[in-house]
Structure formats: C-alpha cells, structure tokens
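Student: Just passing along the structure, written as structure tokens.
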Amino acid sequence: MSKKLLYAAQMTAFDKDGNINLDGIRALVRYNIDVNKVDGLYVCGSTGEAFMLNTDEKKQVMETVYDEANGAIDLVAQVGSLNLKEAKELAKFATDLGYPKLSAVTPFYYNFTFEQIKDYYNEILKDVDNKLLIYSIPALTGVALTTDQFAELFENPKIIGIKYTNADFYLLERVRNAFPDKLILSGFDEMLLPALALNVDGCIGSTYNLNAPRVREEMDAFEAGDIDKARQLQNISNDMITDLIANDIYPTLKLVMKHMGVDAGYVKKPMSHPTPEMEAGATAIYEKYFKN
C-alpha cells in the first residue's frame with residue numbers, strides 16, 4: 001500500500017433549515033473510516049462549509065467528529081477565521097479535545113500584509129501546544145504566499161506543513177525542494193497526479209468522501225511506478241469531478257453519498273438545495289462512477 005497519506009475533507013450534514021445534523025456527521029465519519037479507509041479527516045474546512053458556521057457550531061462539529069473517530073485515524077481541525085479571537089478559541093478547543101493537528105486558512109478579504117499574516121499564525125499558536133498546517137488556497141483567499149514567505153512562517157516550529165490547494169506547480173516544486181521535511185498535502189483532487197510527481201506527502205480532498213478507494217489505487221500505482229495506470233485512474237476521477245462541478249458540486253456530493261447509504265443531509269444556504277434535475281444528475285454520477 002502507498003505510503004502517501006489520504007485525508008477526506010469532512011462534510012457537515014445539515015437539515016433543511018440549516019441546523020447541524022450530528023447523526024449525519026457521525027455516519028460520514030464512520031463511512032470514511034470503515035469503507036473508505038482514509039488516513040485522516042480534515043475538519044471544518046471549505047468542504048465542511050465552516051465559513052458559514054458560528055463558533056459554537058464549529059465546536060459541535062469538531063467534538064462530534066473527534067468522538068466518532070475515537071482515535072482510529074488522524075484528525076486535522078481547521079480553525080482559521082477572520083476573527084482572530086475565534087481562531088485562537090477554536091485552536092484551544094480542538095487541542096484540548098485531543099486533535100493532533102490544526103490548520104488555518106490564510107486571513108483573507110482585507111488584503112493583509114505578510115507581516116500581519118505571520119502575526120495571525122503566531123497568535124493562533126501562541127497559547128496551544130499543537131502543530132499546524134497552513135491552508136493555502138489563493139483562488140479563494142487572494143493570498144498567494146511565496147517560497148520565502150513560507151520559509152518565514154516555518155520559523156515557528158509549530159508550523160509543520162501546508163495544505164497546498166494551488167494550481168501553481170512551479171511554486172509547489174520550489175516549496176517541496178526547499179522544505180523536504182515539511183508535510184505537504186495536495187488540496188486539488190483533480191491535480192493529484194502531477195502533485196504526486198512533485199513528491200507531495202499525500203492529499204486532502206472533498207471528492208475523497210466518494211472516491212477514496214480509486215484515489216488509493218492511483219497512489220499505489222504511482223508508488224509502484226505504473227504511471228499509465230495512475231494516469232488512467234486520474235482521468236476517471238477528473239471525469240467524475242467535471243460531472244460533479246456541472247451538477248453543483250457541494251449539494252451533489254451529499255446526494256451521491258445518499259446513494260452510498262449515508263444521509264449527509266443538505267448544504268447550508270445560500271448554497272442551493274437539490275432540484276429534481278440535480279437529483280437526477282447525482283444519480284447518473286453514482287451509476288456511472290460508483291455502482292458496482
């Protein structure tokens with residue numbers, strides 16, 4: 001089996017009114033552990049719709065995932081927030097629960113300077129004894145860190161790596177070369193194979209809730225030197241991702257999970273609730289890519 005790490009980005013189940021469905025979250029965790037055999041879960045990130053949750057809701061999600069996982073897999077709590085006080089509170093909460101790793105998205109919207117970004121990470125970590133992955137996703141944050149800036153952030157020994165959700169493969173090569181001992185996890189599911197070629201340590205992704213066995217097979221093929229097989233598997237995954245995006249990816253992920261026997265509930269508004277057309281599209285995706 002591949003030594004590369006496979007993390008699913010944990011989804012958050014909601015009811016129609018946007019209230020958290022704790023049973024749905026537990027079912028998702030169990031599926032990822034028992035069926036998908038993932039190495040870990042990335043909790044309260046973009047896939048978890050965490051930027052639409054209040055502090056107490058984020059704590060509920062973190063607590064429920066931690067309790068259901070019960071030490072079976074690695075867990076990463078995404079605590080980043082524009083509200084630094086909240087980020088610090090969540091970092092302490094997750095650490096006290098027992099999360100072995102934290103992560104934090106770069107602060108966004110206000111065009112913060114790099115010195116302000118560095119201070120943000122150092123403040124989050126100042127009062128907790130834990131490790132952190134920088135969540136770099138410039139397409140959504142507008143924050144594109146450079147190799148030199150990553151080096152400055154890594155001066156804090158608690159910052160151990162990057163969730164690298166960025167299509168800049170030149171930068172990825174430079175960062176991997178400069179920091180061979182840091183944990184770098186690829187965050188774009190559709191770009192996993194080229195990221196593997198640049199020696200990332202593994203991956204974190206939303207579609208791995210559905211597609212983890214195929215992704216594990218791809219990583220195993222890559223590690224075994226069977227690049228043709230790995231490329232064929234990436235082609236299939238990318239066909240699936242194209243279909244998911246065309247059908248509205250976040251609600252469709254949950255609709256396909258329902259076909260797999262897991263009621264992941266609804267997305268949180270202003271995301272769209274399913275239409276009959278969307279449900280039909282999700283059924284077609286399930287039958288094309290997952291039905292045995």
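A Cβ is built for glycine as well, from the same backbone N, Cα and C atoms used for every other residue.
Swiss-Prot lists these features:
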- Y135: active site, proton donor (ACT_SITE)
- K163: active site, schiff-base intermediate with substrate (ACT_SITE)
- S46, T47, T165, G187, D189, E190, S206: aceneuramate binding site (BINDING)
Student: Give me the count of other Cβ atoms within 10 A of the Cβ belonging to E190 (aceneuramate binding site).
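Tutor: For E190 (aceneuramate binding site), the count of other Cβ atoms within 10 Å is 16.
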Student: Which Cβ among the binding-site residues (S46, T47, T165, S206) has the fewest C-beta neighbours inside 10 Å?
Tutor: S46
Student: Within 8 Å of the centroid of the Cβ atoms of S46, T47, T165, G187, D189, E190, S206, which other residues of that chain place their own Cβ, given that this set defines the recorded aceneuramate site?
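Tutor: Those within range, site residues removed, are A9, F188, I204, G205, T207.
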Student: With aceneuramate as the bound species and S46, T47, T165, G187, D189, E190, S206 as its recorded binding residues, calculate the greatest Cα-Cα distance and give it in Å as a whole number.
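Tutor: Result: 16 Å between the two most distant Cα atoms.
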Student: Could you check which of these binding-site residues, T47, D189, E190, sit within 10 Å of Y135 (active site, proton donor), going Cα to Cα?
Tutor: none
Student: Test of understanding: give the count of other CB atoms lying within 10 angstroms of the CB of D189 (aceneuramate binding site).
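Tutor: There are 23 of them.
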Student: In whole Å, how far does the CA atom of E190 (aceneuramate binding site) lie from that of K163 (active site, schiff-base intermediate with substrate)?
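Tutor: Taking the Cα atoms only, E190 (aceneuramate binding site) lies 15 Å from K163 (active site, schiff-base intermediate with substrate).
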Student: Using a 10 Å radius around its CB, how many other CB atoms surround G187 (aceneuramate binding site)?
Tutor: 26
Student: For Y135 (active site, proton donor), list the number of other Cβ atoms lying within 10 Å of its Cβ atom.
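Tutor: There are 25 such Cβ atoms around Y135 (active site, proton donor).
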Student: Between S206 (aceneuramate binding site) and K163 (active site, schiff-base intermediate with substrate), how far is it from one CA atom to the other, in Å?
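Tutor: So the Cα of K163 (active site, schiff-base intermediate with substrate) lies 13 Å away from that of S206 (aceneuramate binding site).
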